[in-house]
Every structure is written in structure tokens, then in C-alpha cells.
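Here the structure comes first, spelled out in C-alpha cells, and everything after it is commentary.
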Amino acid sequence: MCGIVAYIGQREAYPIVLKGLKRLEYRGYDSAGVALLNGNGLKVYKKKGKVAELEDHLSGKDVGSHVAIGHTRWATHGEPSDRNSHPHSSGNGKLAMIHNGIIENYSLLKQELLKKGHVFNSDTDTEVLIHFIEEIQSSNQCGLEEALRIALKRVVGAYVIVLVDEDNPDTLIAARKGSPLVIGVGKGEHFLASDASPIVEYTKEVVFVNDYEIAIIKADELILKNISNERQTPYIQKLDIELAAIEKSGYDHFMLKEIFEQPQTIFDSLRGRLDAKSGTLTLGGIREHAAILSQAKRIIIVACGTSWHAGLVAEYMIEELCRVPVEVEYASEFRYRNPVVGEGDVIIAVSQSGETADTLVAIESAKQKGAIILGVCNVVGSSIARLSHAGAYTHAGPEIGVASTKAFTAQLAVLCMIGLKVAQEKGTITQQRFQHLLDELDAISEKVATTLKLNDQVKQIADKYKDARDFLYLGRGYNFPVALEGALKLKEISYIHAEGYPAAEMKHGPIALVDENLPVVFVATRDSYYEKVVSNIQEIKARKGKVIAVVTEGDQTIPGMADDVIEVPAADELIAPILSVIPLQLLAYHIGVLKGFDVDKPRNLAKSVTVE
Ligand code: M6R
């Protein structure tokens, strides 16, 4: 949610920052802006709309500079507009700041500043913070670093901020609490960004800044301090991302590329962990906690959005395999409703980004109450991963498309392995079933590749139904969360109203929607609910609904009833969602594209929701 990028060094800063903003645009695209510092002083340019509009606005202007900060915005305080865009400036115009996060007590601070004569040019919380820092600087007669430290002690909320100061053109100052900040360490240069994607082209050496740390960055020096002004040693890590992983590589959209990457990403999530031949499963990240996990009184999965859907599949898997109660919670509800949680509970936090604010805060409070936290994250070094006691990365590679696809299937693979590992530890699974599921997981990447060959067929179905006003997605058992995920994908990408429902629950309300204009997508692969789902399909057909069914290859029954049938390879019902979700991802993608929408940057959304 909002992308920030900055550069200080010997190169031309603007092209680096601009390219970085394009890479971070998935985090928000309501407006974009840059501040450039050179011998002629500080210049701030900003524009409502996507980064391309800022680029047009700056074409032909003098953008020469070796120090720059840039921002791409997902609006929270104040509508998307030029004046609400970042960077924001201090009253004297000497400071410029970019910010990702929310200053919750900005209104109180603003009242104080207004009384002191400050004039504001935007509706943002960010502009209040930069004026507050400026006010402290002048009233305390102190330098920027000291003023920032004092200001942050009064600030309530989450932030990553980066400041440039016309009077100190060789220094950037940054601070973090609750939002991500990565610093790339080059030779005589530093790069700052919300994630590693703008940095990886230039250096693989990075420092993940921690909460309550302030970084003072010059071209050839990086100083980290905590909020009490004590020096911290920067921990330099090596990035394991290649540039190709964050580029479209010939695909029209990141979303399509990421859908098609799934055979490889699922393989990567299993690699080094699962060895079907020897019948072994090794999850290094949870090894030390395996005993605690197996003794858990209860497992609570917290997540949001697509990750929550993966959590719901995991509830079914883990309860079946491990015979332990599992609850799945929306992180945003869990964090506020004072849940009963404590020692003996294991929390599994599922998050692609590892930065989702609600999930992060939910696990922080559960950790304080004594629960063990297991992180299932995709982004290495992310806040949730670092806050967790143990965990397993999904290794799906950078996911840039705002609609999550490959992260979901990798989450399912990893959560299944966790379930298997705990079941083995607890002795709640037979050796035969354990081996069968290892074999099934081992074969899943190939089956995903086979499923992707349905792309053209799904595109035709998309064309047939693209003008529908509403869609219903139905499934039972392991396929119920898949129905929810299919509906979410369609809503996000095509702006068509879609509801996911348990197929049997449909009779208790949504069936009233069914008529000849309503496409109903059934996720109806062969599993223990199959016969029941067939009856549900008949109930829809009896009311003239249009049925699109995702079935198992060779199904002899449903093709005789459904209007359109998509056949996926057979798989054990525990892992069948990894296959059955793929046609639904493709359906949403093609409908979105056919309707002319920007599927990688759907309106109002951002990839990483780092505000509440
Ligand atoms: O990064 P996370 O997995 O924590 O993100 C959770 C949701 O914000 C995310 O899944 C969102 O729902 C996606 N746009 C779904 O496609």
C-alpha cells in the first residue's frame, strides 16, 4: 500500500527512481511523485494517476540529480489528486518527504500546528508529519535527525518515511514502524524501497530496516540507530531474486505470467522438502517447533483475502490429517475482538506479502499472549516472517499482479506439507496415506501444467459470459474455499459482482438469484461430496441457471447437465484445489481483459495492504 523508492549516489537518480516506481506500482496507483535534489535546490513534481502520467509530466524538464525520492500512492487521507500526491514539503520548502502508512493522530497534531500558523496544501496525514518535524526543528533549534526522533515519539500509527533536506543534500533520512523498508547497499550508492524489486537490478546486498529504526544514508555510508539514538549494526543479507522474476517476460500481463508460472512455483515450494521416493518430508523452518505444533490444543489460522481462502482449505486439511481443532480467522476481526488465545495455541499466519497490517498486528498480540506463531509467507524477510517463531516460505517468487494467483497455490502446497508433518509427528496418519499424499504432491506440478492447456477453452467460455451482471460460485468441502477464491478473482479483475457459497447453503438464500441470466460456476471435481454437488447442479438447472462446471477428467455425469464443462486432471481431494482453482483464475483473467480492464492494476486495490 503505497510504494516508496529513493536513491543517493553517483548515478542519475531520476531514471532509477522512475523505474523503481513502475516496479512498485502494484502497491498503489492513485498518483505518483518525485523530489529531486541538485545544485539548484529541491524540486518536487507530482501528478494524479499512474506513474506513466508523472513521466509524461516530467518529459523535457531538468531532472538531473544524484539524490531523489519517489512515491506511488494508494489514497487513504484525501482523494487522489495532484495536491494530495507525495512527496509533501515543509512550510519553508526545504524538506520533502514520502510516506507509506497512516499517522493515526494526525488530526490532533494538525490542530496544534494550525494554531502555530502552519498552512497546509493537502488533506494528507503525511503533510502534517513533515510540518510537525519542521516545527520541532525550529522550536528546539535542532537538526533534522533529532527533530525526526522527537516527532516519531509522538506519532501514533504506521510509517515508512524518507526525507530529503535542501540544507543537507548529501543525506537521506528514513524511519520505519509497521511498514516495510529495504535498503540496497551498492558501491558508493544506496537504494531505498518498499520491497526489493526496484533494487535487485543494481545490487543484491540489502538491509531490512526494523521497526523503530532510523537510517541516515549517504552515498557511501549507512548508519542505523534506534529511536533512543543508539547505533545498530546493519545486517546485510543477500537477495535471492533474479531480475527476470520481476519482469513480464513476454506475457501481456503479470497476472497471466504468474498463472502460467504455477507448475514451477509449486515445484519450488516442494523442492528440498518433499522426497516422495524416500517417503520423507523435511520442513527446516518448523523442525525445532514440530513437537510444540503436534501438542497444540488448537490451531488458529489468521489471514486476509486470498490467503484467508488458503487458510480455509488448510482448516479442512489439518483437521482431517491431524485431528486437532482448527479455526480460520479474518485477521482484521481477530485483532480487535479480544480473542481467547494463549499458551498451547498455535497461530498460523498466512500472507503472500508478509506485510499485511491486520495480519501483522493480529500475530503481534497473539504472540504477546503466549501463542506460538508460524508464518507462511512468500516474501523472504518480510515483517510477518520475522515476527514468527517458525515458519515455511512458499517460494513462489515475486507476485506483482494485484490479484493473487501463484501465491495461493504455493500456500496450499506448503500448508498441506505442514499438515502432513504434524500428522506424522502426532501419529494421526497411516504410513500408507502419508506416502499417497507425498506421491500426489509430487505429481501436482505436472498436473498443473496439463490444466494450463485449458487456457484457450476457458477464454472462449469467458467470451460467452463476460457480459453477465452477476456470477455465483459454488463448491463443497475442499472446493468451497476454491469457489470463494474464484468469486474474489472475478470481482477484483472484472468488476462483476460474484458470490462464493457452499453449494448446499445456496438453497438457504442465493438460489433466489438464479434465472436464465445467472452463470453459476460449480467446482465439482470427484471427491467425497461429488454426488451431493451433482444434486446441487440439478437444482440450479431446474431454475434455468447457466452452469459452468469444473470437473475431473472423464466425468460421465456432469457434462450431460452443465452448459460448459472444464476438465482438470484427477487428484486426491486434499490437494485438488491446487488444480480446480486454475480455470477460475484464467476465467477471471480473460473476462477482465475482454472487458478492457487493467487486470494487473484493478481499480481501488493495492497489492500489499499495509494500512488497517
Ligand atoms: O499479502 P497477503 O497475502 O497478506 O494479502 C492478503 C490480501 O490482501 C490479498 O490476498 C488480496 O485479497 C488479493 N488482492 C487477492 O487477490
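Glycine is treated like the rest: Cβ placed from N, Cα and C.
Just so you know, TrEMBL annotations never went through curation; they're auto-generated.
Annotated active site, nucleophile per TrEMBL: Cys2, in sequence order. In the three-state DSSP scheme, Cys2 (active site, nucleophile) falls into the coil class.
Sequence annotations record features per position, and here TrEMBL assigns domain 'Glutamine amidotransferase type-2' to 2-220. The predicted model assigns the domain 'Glutamine amidotransferase type-2' (2-220) a mean pLDDT of 94.
What TrEMBL lists as domain 'SIS' is 289-428 (among others). When the domain 'SIS' (289-428) is classified with DSSP, helix, strand and coil residues number 66 helix, 26 strand, 48 coil.
Counted with DSSP, the domain 'SIS' (461-602) comes out as 63 helix, 29 strand, 50 coil. Positions annotated as domain 'SIS' by TrEMBL: 461-602 (among others).
Summarising the annotation, TrEMBL assigns active site, for Fru-6P isomerization activity to Lys607. In the three-state DSSP reading, Lys607 (active site, for Fru-6P isomerization activity) counts as coil.
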Cα distance, Cys2 (active site, nucleophile) to Lys607 (active site, for Fru-6P isomerization activity), nearest Å?
9
